[in-house]
Each structure stands twice: as C-alpha cells, then as structure tokens.
Amino acid sequence: MTEQHQHVYPVREEFAANAWIDNEKYLAMYQQSVDDPQSFWAEQARRLDWVKPPNQIKNVSFASNNVDIRWFEDGELNACANCLDRHLETRGEQPAIIWEGDEPSDSKTLTYRELHEGTSRLANALKSLGVKKGDTVTLYMPMIPEAAMAMLACARIGAIHSVVFGGFSPDALAQRVVDAQSKLVITADESVRGGKQVPLKDNVDSALTREGTEVVDNVLVVKRTGGDIDWHDGRDIWYHEVVDKQSNDCPAEPMNAEDPLFVLYTSGSTGKPKGLKHTTGGYLLHAAMTHQYVFDYKDGEVYWCSADVGWVTGHSYIVYGPLANGATTLMFEGVPSYPTHGRLGEIIDKHQVSILYTSPTAVRALMAHGDHVMDSSSRKSLRLLGSVGEPINPEAWEWFYRVIGNEQCPIVDTWWQTETGGIMISPLPGAIDLKPGSATRPFFGVRPALVDNEGHILEGATDGNLVILDSWPGQARSIWNNHERFVQTYFSTYEGMYFTGDGCRRDEDGYYWITGRVDDVLNVSGHRMGTAEIESSLVAHDAVAEAAVVGYPHDIKGQGIYIYVTLTDGVEPSDDLKKELTQWVRKDIGPIASPDVIQWADGLPKTRSGKIMRRILRKIAANEVDGLGDTSTLADPSVVEDLIENRVNC
Ligand code: PRX
C-alpha cells in the first residue's frame, strides 16, 4: 500500500449524531456479542416476529468430526410474514419495491399491500401446482418484482427456493435443477438487459432436455416481453393465467427456525458448484440487522442494491434484509451503461435514492469513462455508499467517494460470502473511521482471526488466512445433499474454525484488508468462479488435451480469466479455434465465464507427481516473470521459458 492510500476518513460528527450506532455503542455491543452471544442474540432475535419465540439460542459445533450449526432451534416463524404481513398495519401504502425497467421510461412501484397480495396469490398458485413445504423450486428470472414475489411466495408456504442467475447457460441451470431436485421452475419468456433480449424460456427448454431433469413437472412463465417462445402443453403454464385467479389470502406456514429457506449455488475450488443451505431464523435476523446497521437505514429512505437476485447479495440486500425492515428497496432490471453511462446517477435522482450499494466493477467501469459520466445527475439525495463482492482498490474507492458521492457520503466496504449469509466485516458508518480499500472491522458476533498455513492464530498487524472462530446466525448450515463436502471445504483446513478461502491483512489499528482468494477460485467482476469448472469445460472439447485456468489483474473486472491450453496431437492452433473455445465455455457455463485470454501451451509446469503449479502460471499471466521463485521441482523446467516467450499481452 503506498503512502497516498493511507488516507483516513474520520466519521463525521453530524453523521454519527444521527446514526443507529456510534463508536461507543459499537464497541459496547461488539464486546457483549462475543462475550455473551446467548444473551446478545436472544435480545436481537426480538426484532423478528416469531410464531413461537425461541428459548434455545445458539447450539454450535465447529469440530470437524461433528459440524453442527443451529440457532434459535426451538423457535418458529415465517420469513415472508416477517417481510410483508407485519408491515401492513403501519406501512401498507408505503412503497416496498420501486422497480426501474431496462428502458428509462419503464418503472413502477409496489406498496407493501400490493406486494403482499401478489405474493399471497402466487403462493396459492404454487400450492395449486402441488408445491409443498420442503419442496425446492428453481427460479431463473429477470430482475422484475415477480422474482422477489417468487422467493417470498416459496418462503410463505415453506418451499425452498433455488435462484439461478439468469446469465447462466442451460447446462449450468440443468445441473442446479437436478442437484436440488426441483419439481417446478419459474422463469420468464425473456429478460431485457441493456436493450437486448435474453431468451430465458428457450434456455429452460434446452436445460430440460438434459438427463435427470425429468423431475420437473411444470414451468411457470412470466410474460415479460411477449417474445416468441416454444410451448410445451401440459408442462408450461403462464404465470398470469394461474396467479390471477387465486385468492389473495394465503396463511403463512409456521416454520422451524432451522428449516431451510433457500439453497444457493456457488463455485468452489474443486468439482461442481455447491448448493449452500441457508435456514430461516438466523439468516433473516442477520440479513435484517446488518441491513439496518451497516446501511444505517432510516424509515422512509429509498435504498438501492444494484446486484442481481441470482446472487447472495440480491437475496440478503434486495429482498430479505430490506423487506424485513420495512424499507423501500429499488430493483433495477438493466445495466448501468444503458442507454448511456449516466444511467446510474439518473436513477438515483429519479427515485431520490439515499443509499447505493454496488460493486467495485461497476465503479471502475464508470471511472474508465472519466468524471463527466456523472454530469447528467446531481445525486444530491445520496447519504451513504456501499461496495461488495471483491476488493475495492483505493483509486476506485476515492472516485466513488468524490464523483458519485460528491464527497458527502461514507462508503461501507462490506466483506462477506454466499456462505456467510450476510455482511461480516464492514464499517458501521457512524462508528468506524474509513480507510479506502479496507473492509475495516467485524460486525456484531463475528470473530475473525488470521492464521498461518498450519492454523496457528497470528496476533497483531500481519498477513494470514482469514478464518472465523465462532458461528453467527446467518451462517450456511450445510451443502445441499452433501454435508461431508461442507465439512471438508470449510472446517477441515483449520480444526475448529470456519475457513473463508480468503487471504487478509490486519493493520496496526486492527483493520482488516481482504487481499483476495487463496484457493483456486476466481472473482471476475464480483462473480465467483472455480478454475476447475472452466478447466473441465475446456477439456471436454475434442481439440483440448489439457487446460489450466488462472486469474490475472484486470483494470475493470478486478480479475480476468487467463487460459493455458495444450491442444490434442494433430490439432493446429488458430484464432478461429480460440473463438470456438471461447464460445464453448460461454455456452457451457455462461457469458460470465468467457475467457479473456487464451495462450497455446505445448506443456504445462507440473511437479514430478503431476500437479500443475498454478503459482507459476499466475505469475506469467500477470507478467511478473522475474519473480517466478523456485522452478527446480518441476518435472520439466523448460516449459516455463516456452510459456514466458509465448505469453499473451493483456
Ligand atoms: O473473496 C471474497 C470476495 O468475494 C468472495 C465471496 O464471493 P460470493 O460468495 O460470490 O459473495 C459475494 C457477495 C457477498 C469472498 O470470499 N469479496 C466479497 N466482498 C468483498 C470481497 N473481497 C474483498 N472485499 C469485499 N468487500
């Protein structure tokens, strides 16, 4: 970190005076949360409406021979009722969702009452289609209010939703449908992003030709564009046809706090994507509490999280957290660059947004166009900014602060993961001085630590592997159908600790600086991808004998995808083949996995036992060829020179 990045932005007095949490309160509450989690969380749990309030608060084992995580295990509640029903009396006519369509002329508002009615009707429709408590429902949807309604309707009847990002390919969708064994898929004819149609229903049709997807009985289709689609009689059902005729009275099913609320697939360093299982009580409490305190949310404010509901950020901070708090949450269908790069600011002005939660990639993409991209808006309504998904470099932080926030808004850089359910390390804006690039301090109940590779806890200012020493309510409980893998992935590297997979530095003020993944997971534009997934896609192509995928620093995306390919004997390298392989991966996984660079490699650097030394490949991709370290353990050190010589500039 260079000198200029050591700039500290102290909490402003006027902000702290009106904030939910100031420094003194943060310190006191944090201390209580780690000294006496039972009483701390018993008290906090009262922010939810329970059908049966819990007496048992925390019951957790992180021991690798018995990973068992339970919170509020004798309590009963319904997540949908907490997000909707309990607000009807006090804020039935308040906007719950402000929807901004892809075209600037297209927007609408749903009040809490309207959202409650639409959700209840859909919940009855799901029942009429035979969906029962404990069934899974896969959602493959555009960013439209029906996506939030579908999540909430599942929660209402005790069904478990599995949202698959609309940018994933038919194969990726099929894999997730089969793993979750969903009998119902909810989709739309097409989604619209940046003026272009994405054929969601066609993708579903194609996914459902794959092996194992016979489990799907019905596909419920929202008419978003009216575009041309194929229709499978008996299987496909128009959303409006079945939903409109339902009653808007659908009692919310009382759920045990530990009943699953949703499963959400994410990539790991090995194998197929894993479905993280989140349960009802602890997750909702964590989402609601962090939404209120991290974003310092006040009644009546318009809050905008620009993520997609297909990611955990959309689950916790578009839907569950804000709605549990009775907030007004903005949902944007499009992209920040359409129709112009001024769109983000224009949406803020149009809906008088107070809080904007977005990604470093979005900030860097705008920054690349210069300060004037924000000229078409004043953004005077903004009070707070947030960042999530990847490390934000100090330059982007400063630009976010200066240009988007007019030097008026604190930035909360929030570190967390699909597995954590909600925010774990972040400034509370009325309590913690900001340092650009640092996620700063842990949230209540979160006990981060840094360990060396042997698992020894490191003290003071240091670098290390980031672990969490004790459970928090929003933590994922398991991997769908594979508890063994859950234990293996998160609890076996360092005994008795949750391993995040991230590297981290702690400075002399106890601030945490996430440095990125220490495993074979890439973070491209804030999207998480396993190198193994991309590699196995490539080697399935006839021309590819072997492939190795690494990340390299990318100005806008944070990380780009750099691929080394060894071709099968007799296949000639060509630009056309590069294009073909790029299309292959896009089709197999989705456009988010598009390779940025492909380098032909006659051989890959391997140890004598055949393990690919990615460390070397990462260095070459990053053009740090002077610091390759020891290559003497390689089976054939000469491949390295060859790779350096043929490095592709990026
Ligand atoms: O490497 C960290 C990075 O994103 C990973 C989690 O990805 P995912 O499960 O897709 O969830 C993203 C949204 C919560 C982490 O292991 N990451 C997330 N937020 C930050 C971050 N890295 C640095 N700073 C952050 N604020």
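Glycine is no exception: its Cβ is also placed from the backbone N, Cα and C atoms.
For the ATP site, TrEMBL records GLY389, GLU390, PRO391, ASP413, THR414, TRP415, TRP416, GLN417, THR418, ASP502, ARG517, and the single candidate of ARG402, ARG441, ARG485, ARG528 listed with them is ARG528. Averaged across the domain 'AMP-dependent synthetase/ligase' (85-468), pLDDT for the predicted model comes to 97. For ligand 1, the nearby binding-site residues are TRP416; that is, of ARG193, LYS196, TRP416, these have a C-beta under 6 Å from one of its atoms. Taking the Cα of ARG586 (CoA binding site) as the reference point, the closest of the recorded positions PRO391, TRP416, HIS541, LYS611 is HIS541. Figure note: comparing Cβ neighbours within 10 Å for the binding-site residues THR313, THR418, SER525, the maximum is reached by THR313. For SER525 (CoA binding site) paired with HIS541 (Mg(2+) binding site), the C-alpha to C-alpha distance reads 26 Å. In three-state terms derived from DSSP, ARG586 (CoA binding site) belongs to a helical segment.
Straight-line distance linking the Cα atoms of THR414 (ATP binding site) and THR313 (CoA binding site), rounded to a whole number, equals 11 Å.
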